[in-house]
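**Q** The following block contains the structure, expressed as structure tokens.
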């Protein structure tokens, strides 16, 4: 660091040191290496001052040498950064302002740094693999180091995005598993979100992208703290998430808010010992609201339309030349899937079959007593079929769970060709042990021609909460990102409702446990294992369906981003390289053609 003589004025009680080699332009430089060498010099017995620096006019105690060296290094970093950026800092130091020759070097360095940055605050430091977060008055005895290491099982590694650091306090972290081996250190930088005039804080300059990485890592660290029942750490991390989320925009901000809300609710429930039930009441007592969100999700993005189209295509091919068909829908909702299939059957070569549709629904106490949503759905579908001159019959069955369903309620008839359809329904059965096996046994009993299944291509049903959280965070971040490309209508209402639809799923995955956690999504490979063990064989979804659904998906997001792929006879819809939902078809092994 170079200081011109005109910028330095002497204190009246101490002479200004001079440079004998260049008296007209004295230069004063000091680095951490020179100070560390001075640490080995002779120390004055009287005051404990370093003799070498004292001879130069600086009062530095031996015990303060490390702190002074660190502050000099920080100031040197500031000056170097300012020179590269051509900022106003150098012009500030090159003005006629007075900088006295410092006898107390430590205090002078601190005053210089405080002119450049807001004050520092002292606190315990919690180190993560991505960043270092400070929390005031945190108990030093808490052992939390291990909870910040990213799960090794994650397939979505996040690496810190380089940013130019203007000023930061360097801290060291040693991995626990290396304590008895060779020490290995990493540099991290303390980046608190706020400072007060009575405390000191270290400041770094970060861009929005780097802050986004910090936000993701802070969310994951919070889930790991909850996993280890370290609620004090989890609450401290929660205080960081809000400001970090506020610095973002678009999909990242929205999904972070939903996950933060779910984490906060989980922490509250663990602290108070209350039930993890959430939204079980909201999903049961206010099912009509869920239906509204579901309908907007159907309109705003291609996921449900992909699900309906691919399932209908498999059913249509299975019903070729059948004169009597019976479709059993495990989740009828608004019945939006079936007009398309009724029309396709009406136009098929050889004339339409007689169609019978059984729609399964859960009770909805949110509807008026004189309202029967299933009956209304039946009337609408019957009117649609009548216009196409197709024989149609509808019956609705209300059950609390699919596991409560029996073959008697389905009223099976001789000579009918049966198709069983499930769109985002089977995963909820995983909350109750044995329910999936019971339902698959019922399906086997009705001897269907085809079974169509659509499920999320994700694993949100693992036993470890932190791993489940990590997977869900990446999955829903991708879904929210894809929603941004779809617009969401002229007033954005469809997009907002779709986000609320997904937000309720996030809440259930993160905040709920036990029987209340029903969003237990699993991958196609996991469902394949279950179906094979239950006596079913996969049905390959044809290339014609692939081409048609690809054209449908291209209507969303300007045809960019969404990807339809064929994977071992199944069709998947994803956003760029990440599959998000998958359609598979099955038949009884005994019905499989040789």
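We count from 1, first residue shown onward.
From the backbone N, Cα and C atoms, a Cβ is placed for every residue, glycine too.
Quick paste from TrEMBL:
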- 1-12: compositional bias 'Basic residues' (COMPBIAS)
- 1-31: region 'Disordered' (REGION)
- 50-119: domain 'Transcriptional factor DELLA N-terminal' (DOMAIN)
- 294-359: region 'VHIID' (REGION)
- 325-329: motif 'VHIID' (MOTIF)
- 376-408: region 'Leucine repeat II (LRII)' (REGION)
- 426-430: motif 'LXXLL motif' (MOTIF)
- 511-587: region 'SAW' (REGION)
**Q** Over the region 'Leucine repeat II (LRII)' (376-408), what does the predicted model average in pLDDT?
**A** 95
**Q** Looking only at the region 'Leucine repeat II (LRII)' (376-408), how are its residues distributed among DSSP helix, strand and coil?
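**A** DSSP classes over the region 'Leucine repeat II (LRII)' (376-408) add up to 17 helix, 7 strand, 9 coil.
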**Q** Kindly report the helix/strand/coil residue split of the region 'SAW' (511-587) according to DSSP, in that order.
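**A** Here the numbers are 28 helix, 26 strand, 23 coil.
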**Q** Provide the three-state DSSP residue tally for the motif 'LXXLL motif' (426-430): helix first, then strand, then coil.
**A** 5 helix, 0 strand, 0 coil
